[in-house]
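Only one structure is covered here, and it is reproduced in the block below.
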């Protein structure tokens, strides 16, 4: 659970200290907004987190409803996990709409791993817009702990907002629209960069391969996965694994003077 810092993303976005003429989430939305987050783990599990911010109560406390659906890798439950500092990019993509993404890194038993996080924020469009189309949110000094007896997850961190690298204009992967918002560029449709399947992501894209194939080192082309060499085949004892494009076959091992038939089911 300690790795789920996205659960409190609306809090640190709302309270981040603004630099360079930026504006934090609370100043922009008055504490009333909806934030949808998707978190993808290195092993493929995904979480969807819905945050509904309901504004301040009479005591000045900001209220949230949080709904979590999905799965967390079991391997993270008992591991020694430490979150590293990270940066989120917030892009104004329309009236009352902001998209954001981040790749927080954490150490698991001494090994570095990364999450992929995407956020969509919706708020009352009459409240205006970010001071800059692109704002960077820096999260530092992160400490997290889980108290099992209390079933309580605690986070401590510092957060600040800055303008984008190019003065707050639309970043790479976006284009400015006629109404001065940032629209995502669909690289898959525009350039067709992948040999097989292209998935357009916010500000970027990713390539994937059909079963029996893996991405090459260029992360664009697919190459055959040799299940026989890797030992990931399911051939029973006494049968030989023969690699084929995108798959493999299991053939009988035949004695001297015999060979497998065309189906590989008997020797002849």
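Backbone N, Cα and C define each Cβ position, glycine as well.
Note that this is a predicted model, so its numbers are computed, not measured.
Here TrEMBL flags 188-198 as disulfide bond. Annotation source TrEMBL lists domain 'Nidogen G2 beta-barrel' at 1-171. Per TrEMBL, the feature domain 'EGF-like' maps to 184-223.
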Chain residues in Cβ proximity to the domain 'EGF-like' (184-223) (below 8 Å; excluding those fewer than six residues from its ends, i.e. six or more beyond): 89, 91, 93, 99, 101, 118, 171-175, 245-247
Cβ-Cβ distance under 8 Å to residue 198 (disulfide bond), same chain, at least six residues away: 187, 188, 192, 205, 206, 207
Residue counts (helix, strand, coil, in that order) that DSSP gives for the domain 'EGF-like' (184-223): 5 helix, 16 strand, 19 coil
Segment confidence, the domain 'Nidogen G2 beta-barrel' (1-171), expressed as mean pLDDT: 87
Other C-beta atoms that fall within 10 angstroms of the C-beta of residue 188 (disulfide bond): 17
